[in-house]
């Protein structure tokens, strides 16, 4: 009876279940970003009200408050996802963020900016589980040869979320005549996503009630070597002393510094330097992210193809695409700051720069899956969590550096981003790796230590897989 029910349901899905997980993961990131960044547009309208005349430094503090909470729940989120599965770790995180988003208008009305600051911290706590849980899910659902394009599909949801958040926020505020509309809209969509996610997706193929036997067997064959014994403790010492991991952290810091500077402060730059109106600001602030998403998707397919055809080894591909994603944006955002107030030229330069940043996803963003599929959630928690600290720094720093709202101050902001891009990319190119680390299966032992003891080497075997 049960087998017949599963067979009937599996036939209802034309799309393989791993792609459904990928699509819903993409929509999770879209929702996370719309709820995160809609304040960047709404705040321009909020501060026009007589009761909320916040200065630029206060605005930067409010926007950065999200990341105080966001950083805290990364590591717990990764550990929970690995132990109990990513389904509810991700789902409850997005649901809680949606709930706090819906509360935003009430909190601003009654608590002014201190109340909003506290609420943004709570939103960050909810959303901090997103990337660690997704990484844990991808490690269970995505074969190695689909890793770049599937990972890019999911994580590039950040660009679509940014585009929708910026564009729709401007239109909603103008149409409804109030900034509160954006929080009700995006919070409600977040709740709807949670309902669909709960019904359609599961933490791993073995627990999915209506996956086809063919797909389940395919994934078992492709990912069987990455099965982890539940009684094996997390190899914290090996993880925290891994040079490739800390190189990955450096690359994440560089990317996040530049990306968060753009996400939270591009609307301010458009207003200060180009003098765009609110609805125009939302549209033109979104254009660079549309191009970034297109590049993200195409570079993900290109990266997998280059690796499959053996034109590039995995390690070289990760470094190559990461370098493009850092140096390209660094150059073009600096040039944009010297283009005057010519709207077309400045927007074109920002668009090209952010387009280059799209190769980041098939570069270092999926690199944690290469290093250790079994601890992918924990690695993402460490890498993304430390990188997210820049989300605390950059909005406040940009606000403090631009008190007069003039272009000379913005040039300094973008030069700082260029320097951070360059230094962190150098570290990653020098010491990064895409080889599976021995501590992915710590029960087999460390082959590097075993080399000193031939007998131990025979017993432990080689735990790393050269790519």
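Glycine is no exception: its Cβ is also placed from the backbone N, Cα and C atoms.
These numbers come from a predicted model, not from an experiment.
Quick look at what TrEMBL annotates:
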DOMAIN    17-436  domain 'Major facilitator superfamily (MFS) profile'
TRANSMEM  20-44  transmembrane segment
TRANSMEM  64-81  transmembrane segment
TRANSMEM  88-108  transmembrane segment
TRANSMEM  182-202  transmembrane segment
TRANSMEM  283-307  transmembrane segment
TRANSMEM  319-339  transmembrane segment
TRANSMEM  345-363  transmembrane segment
TRANSMEM  375-397  transmembrane segment
TRANSMEM  412-431  transmembrane segment
REGION    441-467  region 'Disordered'
Let me check one thing: do the transmembrane segment (88-108) and the transmembrane segment (20-44) come into contact, meaning three or more Cβ pairs under 8 Å with sequence separation of at least 6?
yes
Hey, which bits of the same chain come close to the transmembrane segment (319-339), Cβ under 8 Å, at least six residues off its ends?
251, 254-255, 258, 262, 299, 303, 312, 345-346, 349-350, 352-360, 362-364, 407, 410-411, 414-415, 417-418, 421-422, 424-425, 428-429, 432
What mean pLDDT does the predicted model reach across the domain 'Major facilitator superfamily (MFS) profile' (17-436)?
89
